[in-house]
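So that you can see what the record holds, here are the features copied from Swiss-Prot:
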BINDING   Asp80, Asp82, Asp84  Mg(2+) binding site
BINDING   Cys81, Cys97, Cys104  Zn(2+) binding site
Amino acid sequence: MTLDPKIAARLKRNADGLVTAVVQERGSGDVLMVAWMNDEALARTLQTREATYYSRSRAEQWVKGATSGHTQHVHSVRLDCDGDAVLLTVDQVGGACHTGDHSCFDAAVLLEPDD
């Protein structure tokens, strides 16, 4: 799948050709995870509404939930003001984190709210 040239022109990729993808749960607003996307992963996500990312360690695309069943249906995708990150709003099925937790940010609180 090929990324729309108008979208591709707005992206500011890192040296590896990737942009940061921040994933937020629709409804709760929870930040679920942060991942990477190359042009092909973003194009596939936009065309199928299946969250697709790029694994730096495996050097390949992966569809969230293809193995685990913990899928992400993409409700919307937004580009940030600098063009170097996208925000995906998703409907999450199962845990978003590879540990099985709902969010990758469930593990350690470094600073508690000061309510």
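One-based numbering along the chain as shown.
Even glycines carry a Cβ here, placed using N, Cα and C.
Bear in mind that the values here come from a model prediction, so they are computed numbers and not experimental data.
The structure, with features from Swiss-Prot marked on it.
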residue	record	Cβ contacts under 8 Å, 6 or more apart
Asp80	Mg(2+) binding site	Val86, Leu87
Cys81	Zn(2+) binding site	none
Asp82	Mg(2+) binding site	Lys12
Asp84	Mg(2+) binding site	Leu11, Lys12, Arg13, Asn14, Val19, Thr20
Cys97	Zn(2+) binding site	Leu32, Met33, Ser103, Cys104, Asp106
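Residue density at Cys104 (Zn(2+) binding site): 17 other Cβ atoms are found within 10 A of its Cβ, drawing on all protein chains shown. Excluding Asp80, Asp82, Asp84, which define the Mg(2+) site, the same chain contributes Lys12, Val19, Leu79, Cys81, Gly83, Ala85 within 8 Å (Cβ to the Cβ centroid), listed in sequence order.
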